[in-house]
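Engineer: First, the structure itself, so that you have it in front of you.
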Amino acid sequence: MSTSGTFFADNSQTIGKTPLVRLNRIVKGAPATVLAKIEGRNPAYSVKCRIGAAMIWDAEQRGLLGPGKELIEPTSGNTGIALAFVAAARGIPLTLTMPETMSLERRKLLAAYGAKLVLTEGVKGMTGAVRRAEDIAASDPDRYVLLQQFRNPANPAIHEQTTGPEIWEDTGGAIDILVSGVGTGGTITGVSRYIKQTQGKPILSVAVEPEASPVISQQRSGLPLKPGPHKIQGIGAGFIPENLDLSLVDQVERVSNEEAIAYARRLAQEEGLISGISCGAAVAAAVRLAQQSEHAGKTIVVVLPDSGERYLSTALFDGIFNEQGLAVV
């Protein structure tokens, strides 16, 4: 990232430096400290801004982008929005494939940034979106550049270079437990590499996945992978991403749809943090750990991937809006 004087060269350069905020009321006097990394403060309001910028910068540096080239990528929403804001800032055409079950706000944001959106069957999840993107790229390989967020090494690398050092600096190296939902695997892999390998601190790295689609747990147990539908947008892709380094994952916590929604609502109402469903899942796991006696006195850092505004049309806010007599937008 670079600046000219006191201003940034373009909006993609403004990623990172997100705040770390202590959770208070939601933790209910647990013996551990829980700190939330608020990734919704990134320029397009999610943790994926980091990888969106990093993957495009990397493609530019490797000479993959230029006249006549277009980006193509599968997304559950946040990566697509991140790529869209960077592509707009740098003048690159972008096509995105996304399951039709993702929130309406995400689709509107993508259109607002000028991206072309191709919807895929919701029942096929991210696997269907990935296959559709691969088919489009293969149909005209001289035109399309597929960034492949699930296997692109620039993804975990940007977290190793930025997110990890930010957490380390802001905690003064006092982090004991990292809690992160797993979508592409880039966040937990990159942050864990930095803290465990670069700083040499043996933290407990905890992956969070949907209870209804526990493929990481199945993989670690040597069981056949049996993904299932769930409502926690942004995590639980239904397969093991290449960017997820399981050797760095010490524990897996499974969270139900209901827990994720309940904790996302509590974050807004008890901590003043309007948060997405995957944030609720991560915090549900973090609070669970914080309440365990073996973690007394420890510092838990939980990554909150995005902001809640892009979920206003989902089940996350249904009950609240109905109680207030408000129509879901």
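Heads up, the Cβ atoms here are built off N, Cα and C, so glycines get one too.
Sharing the features that Swiss-Prot gives for it:
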MOD_RES   Lys48  N6-(pyridoxal phosphate)lysine
BINDING   Asn78, Gly183, Thr184, Gly185, Gly186, Thr187, Ser278  pyridoxal 5'-phosphate binding site
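Buried or exposed, and what's around them? Tell me for each listed feature.
Structural biologist: DSSP gives Lys48 (N6-(pyridoxal phosphate)lysine) a helix state.
All protein chains included, Thr187 (pyridoxal 5'-phosphate binding site) registers 30 other Cβ atoms within 10 Å of its own Cβ.
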Engineer: Across all protein chains in the structure, which of the binding-site residues Gly183, Gly185, Gly186 has the highest Cβ count within 10 Å?
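Structural biologist: Result for the most crowded candidate: Gly186.
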Engineer: Hey, for the pyridoxal 5'-phosphate site built from Asn78, Gly183, Thr184, Gly185, Gly186, Thr187, Ser278, who else sits with CB inside 8 A of the CB center?
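Structural biologist: These residues sit around the pyridoxal 5'-phosphate site: Val47, Lys48, Ile51, Thr79, Ser180, Gly181, Val182, Gly234, Ile235, Pro305.
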Engineer: What is the separation, in Å, between the Cα atoms of Gly183 (pyridoxal 5'-phosphate binding site) and Lys48 (N6-(pyridoxal phosphate)lysine)?
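Structural biologist: Here the two Cα atoms lie 10 Å apart.
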